[in-house]
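So that you can see what the record holds, here are the features copied from TrEMBL:
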| type | residues | note |
| --- | --- | --- |
| TRANSMEM | 29-51 | transmembrane segment |
| TRANSMEM | 63-84 | transmembrane segment |
| TRANSMEM | 104-123 | transmembrane segment |
| TRANSMEM | 130-150 | transmembrane segment |
| TRANSMEM | 156-176 | transmembrane segment |
| TRANSMEM | 188-207 | transmembrane segment |
| TRANSMEM | 227-249 | transmembrane segment |
| TRANSMEM | 270-293 | transmembrane segment |
| TRANSMEM | 299-319 | transmembrane segment |
| TRANSMEM | 326-343 | transmembrane segment |
Amino acid sequence: MMEAQEKVTNSIDVAEIQKDGGRVVQYKWLIKIASFTMFVLSGQSVAAMLGRLYFNKGGNSKWMATLVQTAGFPLMLPLIFIHYLPSSKHPQPITNKSSWVTLLLLYIFLGLFSAADCMLYTFGLHFLPVSTYSLICASELVFNAFFSYILNGQKFTPFITNSLVLLSFSSTLLVFQSDSEQTMKTTRSKYILGFVCTLAGSAGYGLMLSTTQLVFRKILRTPSYKVIFKLIVYQNMVASVAIVVGLFASGEWKDIKGEMEGYESGKVSYMMTLVWTAVSWQVFTIGCIGLIFEVSSLFSNVISTLGIPITPVLAVVFYHEKMNGLKVIAMLLAIWGFASYVYQHYLDHLKEKVEARVANRQLDLIEI
């Protein structure tokens with residue numbers, strides 16, 4: 001009788017320990033998700049605002065504005081060498097020659113693709129008000145969902161479909177902006193060009209996120225954070241080299257000195273704008289890749305969409321841009337689309353919890 005009681009007591013103690021351990025793991029995971037989310041939201045908003053500031057104060061080099069989106073990769077080099085970065089439990093080091101060649105080609109492809117995508121975003125930010133630009137970027141989620149469906153088997157539920165439709169309408173509305181939206185420096189044709197470039201950049205970004213998730217699943221398989229930071233560094237290194245080649249090939253490098261001297265806020269402000277833009281984009285990139293690693297590419301893009309209301313509000317406050325009725329409707333549709341996706345994620349989370357409880361009860365019955 002005593003032995004039976006001791007067994008019961010021991011089993012209860014083990015169950016409690018496992019339960020507490022599971023809670024600790026879950027809390028750690030939530031802290032990481034919260035941190036990456038803050039990186040995405042803060043990096044995205046600050047980078048967009050500083051990018052607009054560069055053009056507003058006299059900056060005109062599209063290659064330079066593109067370069068700062070990738071040139072901050074040296075800031076992540078120390079992270080690669082931190083020995084206590086969490087690693088996967090069962091790492092699969094790549095040792096054979098064919099695998100190294102695959103990784104090299106992967107870095108080159110992602111780097112060149114990233115350089116082209118950043119240039120599209122630069123054209124969009126140059127020709128559009130930052131509030132309009134950020135609202136069009138909400139279409140990234142639509143493209144990401146489409147490519148995730150093709151590449152990663154993403155399932156479409158009614159709530160996700162509703163989210164994508166709303167975000168599509170949100171971006172489409174901005175085509176019909178009135179002529180008052182254009183400034184003296186931006187003609188109607190340039191406005192349309194900015195719209196098309198931003199939309200194309202959003203499509204490219206959605207494809208790149210889905211491709212990155214596919215890389216984690218098919219090539220890296222069980223990556224650690226150290227491997228992820230290497231991916232970011234090498235990808236941005238290739239992109240930066242490609243952009244620098246473009247900077248010199250286009251001849252824009254000759255105008256950099258004059259642009260710096262003619263910058264409205266002075267040379268120091270010119271340098272600080274570029275430096276902090278580069279830092280902000282790297283913070284954003286770390287957050288995005290971290291969310292892809294921990295959850296999925298679609299979730300990472302949803303968090304980016306969460307920042308939609310932030311940038312237009314900041315643009316109204318600091319740059320005195322007009323928030324007309326069409327922009328307000330577009331922003332509300334985007335928020336509605338985001339809420340629809342979050343609700344679907346909430347339902348999936350509840351379903352997983354129920355399934356986990358059922359599985360635990362079945363195990364308990366088997367042990368009894």
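Cβ atoms are placed via backbone N, Cα and C, with glycine included.
When the stretches 63-84, 130-150, 188-207, 270-293 are ranked by Cβ pairs under 8 Å to the transmembrane segment (227-249), first place goes to 63-84. Here the transmembrane segment (326-343) sits against the transmembrane segment (130-150); at least 3 CB pairs are under 8 Å, leaving out pairs fewer than 6 apart in sequence. When Cβ-Cβ distances below 8 Å are used as the criterion, the transmembrane segment (156-176) is approached by residues 132, 135-136, 138-139, 141-142, 145, 149, 195, 199, 202, 305, 326-327, 329-331, 333-334, 336-338, 340-341, 343-344, 347 of the same chain, each at least six residues removed from its ends. The transmembrane segment (299-319) makes contact with the transmembrane segment (130-150), as judged by at least three Cβ pairs under 8 Å among residues 6 or more apart in sequence.
The stretch in closest packing with the transmembrane segment (29-51), judged by the count of Cβ pairs under 8 Å and taken from 104-123, 130-150, 270-293, is 270-293. Panel annotation: around the transmembrane segment (130-150), residues 48-49, 51-52, 124, 156, 160, 163-164, 167-168, 170-171, 174, 177, 181, 194-195, 198-199, 201-203, 205-207, 209-211, 213, 296-298, 301-302, 304-305, 307-308, 311-312, 315-316, 319, 321, 323, 327, 330-331, 334, 337-338, 341 of the same chain, lying at least six beyond its termini, place a Cβ under 8 Å from a Cβ of the stretch.
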